[in-house]
Amino acid sequence: MTIQSPEGTRDLLPDEAKFWAHFKAVASDVFGAYGYVPIETPVFEQTDLFVRGIGEATDVVSKEMFIALSGENLKRLLDGGAVKAKSRLSLRPEGTAGVVRAVVQHDLVPQGAPPVKLVYAGPMFRAERPQKGRQRQFNQVGIECLGAEEPSVDAEGIIMLMRFYAAIGIPVEATELLVNSMGCDACRPPYRDAVKAYMDAHADELCDECKRRADINPLRAFDCKNPGCAAVMEDAPKITDHLCDDCRAHYGTVKAYLDGAGLAYTEDPKLVRGLDYYTRTVFEVQVTEGMGSQNAIGGGGRYDKLVQEVGGRPTPGFGFALGYERCVLALQAAGYAFPPARRCDCFVACVDDSVRAEAFSLVQALRDAGLASEMDHQHRSLKSQFKLADKLDAAFVVVMGPDELAAGQVKARNMQTHEEHLVDLAAAKSLLACLAAEPSGTEPLGIAEVFGGIGEGN
Ligand code: HAM
């Protein structure tokens with residue numbers, strides 16, 4: 001049996017791999033305009049970082065982490081030995097914890113410094129049950145802004161995320177932006193107690209897991225997919241009725257900025273997010289049609305205690321991540337198809353093997369001039385070279401034959417109009433070089449047109 005990709009993973013074949021590169025480039029452009037600069041952190045970290053940062057009671061940490069063990073440590077464990085804390089490693093289930101660890105480790109926000117704005121992209125790993133839109137390895141693009149607690153940071157981040165969706169082609173009307181505030185150390189504990197008391201009073205209507213959650217982390221019950229629990233939690237106390245004055249003012253200002261930017265949003269007091277580090281603002285973007293149950297294409301919020309949690313000085317933070325694969329599903333639901341990864345501007349065809357070396361050098365020259373160019377490497381007949389050029393969607397084909405070459409010429413065929421002209425070889429090379437240096441908009445059709453204009457008609 002042939003070996004298949006592991007369950008919950010997906011190959012990005014060339015057309016899509018090219019789109020992923022484009023996706024990251026658009027993110028870099030949109031977020032770059034807001035001052036975000038790139039950061040890369042390892043795909044595995046000490047397990048402790050995720051336990052402390054994301055929270056031991058979250059599903060992500062308690063059920064979904066992929067543990068990374070070196071062969072040496074696996075042997076040690078199998079032999080009944082122990083592994084040192086710093087060698088207990090896990091694949092990152094999300095990017096925030098690693099970025100915050102790097103910010104602390106390299107002191108990227110020295111006291112009194114302006115906020116640091118970081119953007120990252122790459123694979124995350126969660127051992128969830130795979131389904132449409134839910135994978136075990138998936139790609140995220142995320143941003144983190146550390147060093148400012150002003151609500152303008154939150155609003156700016158949310159506006160920026162919605163701009164990204166528009167720039168990548170997800171129709172705004174297909175999305176719904178949900179916002180909430182999770183409160184802070186002052187107002188959340190009494191709210192949590194109120195939710196626990198409510199859950200205790202409805203214990204016989206809750207699933208076993210939610211009964212356990214009531215003791216460890218009652219707010220997680222808002223995420224329970226069990227319809228009975230969802231019905232109970234619908235009437236649970238609402239955080240927005242329990243916010244302290246500071247948190248209410250912060251939330252109010254975030255909303256005022258969003259209103260000012262003309263951004264539509266829905267307040268959802270049940271939105272708690274699946275990670276424990278959030279304080280104050282949380283938000284999620286969902287796609288309403290064609291996605292199934294995994295319809296969140298991005299989300300994030302403020303985390304003013306996380307830096308301390310991983311050992312740094314008190315430093316407020318805000319960020320979000322968006323799921324690449326779910327964005328692709330959203331785009332496909334809106335009718336998007338990947339354009340072919342490969343574009344060929346010019347295919348150089350050989351009439352026979354005697355011109356092969358000259359054709360090889362012309363292809364190099366065309367590529368040097370910035371044109372995607374190809375030739376046959378399998379001694380095909382001229383007819384099948386044309387078929388190949390068609391398959392590559394070549395804009396034009398240069399046919400090199402011994403007789404024309406002896407006169408320093410080649411034949412150029414515009415593959416769209418089927419016009420064919422004799423062209424001087426040296427002129428062809430330099431003309432193509434000039435066109436390649438032109439601002440966009442002239443290639444590849446412009447090249448074909450010019451080819452149509454300069455040669456002797458056949
Ligand atoms: P998250 O909501 O866990 O947040 O993930 C962000 C996005 O990643 C989700 O909205 C979804 O699009 C995508 N995603 C999550 N899990 C999967 C999966 N199993 N398969 C496919 N896509 C998935 C975070 O990860 C936070 N670190 C965001 C953040 C940054 N908060 C503050 N800073």
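Each residue, glycine too, has its Cβ placed from N, Cα and C.
Residues or ranges marked as L-histidine binding site in TrEMBL: Glu94, Gly95, Thr96, Arg126, Gln140, Glu144, Arg273, Tyr277, Tyr278. The feature domain 'Aminoacyl-transfer RNA synthetases class-II family profile' is assigned by TrEMBL to 1-339.
Counting only same-chain residues at least 6 apart in sequence, those with a Cβ under 8 Å from the Cβ of Glu94 (L-histidine binding site) are Ile54, Val60, Met124, Gln140, Gly142, Leu275, Ala321. Tyr278 (L-histidine binding site) has a Cβ environment of 27 other Cβ atoms inside 10 Å.
Every protein chain considered, the tally of other Cβ atoms within 10 Å of the Cβ of Arg273 (L-histidine binding site) stands at 20. Cβ crowding, taken as the number of other Cβ atoms within 10 Å, peaks at Thr96 among the binding-site residues Thr96, Gln140.
DSSP assigns Arg273 (L-histidine binding site) to coil, not to a helix or a strand. Taken residue by residue with DSSP, Glu94 (L-histidine binding site) is part of neither helix nor strand, so it is coil. Residues listed for L-histidine, Glu94, Gly95, Thr96, Arg126, Gln140, Glu144, Arg273, Tyr277, Tyr278, cover a largest CA to CA span of 20 Å. The average per-residue pLDDT of the prediction over the domain 'Aminoacyl-transfer RNA synthetases class-II family profile' (1-339) is 95, rounded to a whole number. According to its DSSP assignment, Tyr278 (L-histidine binding site) is coil.
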